[in-house]
Amino acid sequence: MSIIKLVLMRHGSSIWNDQDRFTGWTDIDLSEKGKNEVKYAGKMLKSFGYSFNFAYTSLLKRAIHSLWVILKEINQSWIPVEKSWRLNERHYGALQGFSKYEIEKKYGKNQLNEWRRGFSISPPKINEKDNYFILNDKRYLNLKTKKLLPFSESLKSTIDRIMPYWDGNIFPRLQNKEKIIIVAHGNSIRAIIKILCNLNEKEIIKINIPTGIPLIYEFDYNMVFKKKYFLFDR
């Protein structure tokens, strides 16, 4: 049976991932560990014969640079790439920049877990004077939808942000049987998975996306979901 494969991958580990900090929309580089992760992922995709017609990523360099490495490794740097703020990581509001240890010490373990793993609970909003406030960032200045840019997000609001982009941009290409790779972030990929598999709240909050490992979703030509699997184990 002919199948359509969609490849999803969380960016390689970033400097703040290695420090266990809330990153969100803060634009942090890949760490050396992360660079090695995505290079290996690219080599594995090549060894399994993967090729693509189109690629999607966010406006954050840890995802963009991860995609660049993947495409270089499979010798497809020339394919079209679309970047969108809608594929950015979940915005962690005022938590951005702080380590999980610091937040747990200040607010307690239960509150930390609610902010991290709750479905509809958003952290405190980021303040306009915060060092990591993004509304004046040049990459967002030309957005007609600037009023939609978040100050903090829950997983639910992240899904709501991604849904129209999925419906209007990504899914039509899949229906057209294009071979697509999406390199994004833990929560934006969780959002896509919820949409793909129609998971409920309890199911999606249990999903964990590791850095730098391609996750494959297979569909038949009628876009009926068949199976999913990671390309390799770490």
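A Cβ is built for glycine as well, from the same backbone N, Cα and C atoms used for every other residue.
The feature active site, tele-phosphohistidine intermediate is assigned by Swiss-Prot to His11, with sequence analysis given as support. The feature active site, proton donor/acceptor is assigned by Swiss-Prot to Glu89. Here Swiss-Prot flags 10-17, 23-24, Arg62, 89-92, Lys100, 116-117, 186-187 as substrate binding site. Taken from Swiss-Prot, the feature site 'Transition state stabilizer' applies to His185, supported by sequence analysis.
Residue with the densest Cβ environment among the recorded positions Arg10, Lys100, His185: Arg10, by other Cβ atoms within 10 Å. When the recorded positions His11, Glu89, His185 are screened for a C-alpha within 10 angstroms of the C-alpha of Gly24 (substrate binding site), the residues that qualify, in sequence order, are Glu89, His185. The separation of Glu89 (active site, proton donor/acceptor) from Trp16 (substrate binding site), Cα to Cα, is 13 Å.
A strand conformation is recorded for Arg10 (substrate binding site) in the three-state DSSP classification. A helical conformation is recorded for Lys100 (substrate binding site) in the three-state DSSP classification.
On the backbone, the CA of Gly186 (substrate binding site) and the CA of Glu89 (active site, proton donor/acceptor) stand 7 Å apart. Listed in sequence order, Leu30, Ser31, Lys33, Gly34, Glu37, Thr211, Gly212 are the same-chain residues at least 6 apart in sequence whose CB falls under 8 Å from the CB of Ser13 (substrate binding site). Counting only the Cα atoms, the space from the residue listed as 'active site, tele-phosphohistidine intermediate' to His185 (site 'Transition state stabilizer') is about 6 angstrom. The recorded positions listed here (Arg10, Glu89, Arg90, Lys100) include Arg10, Glu89, Arg90 as those with a Cα within 10 A of the Cα of His185 (site 'Transition state stabilizer').
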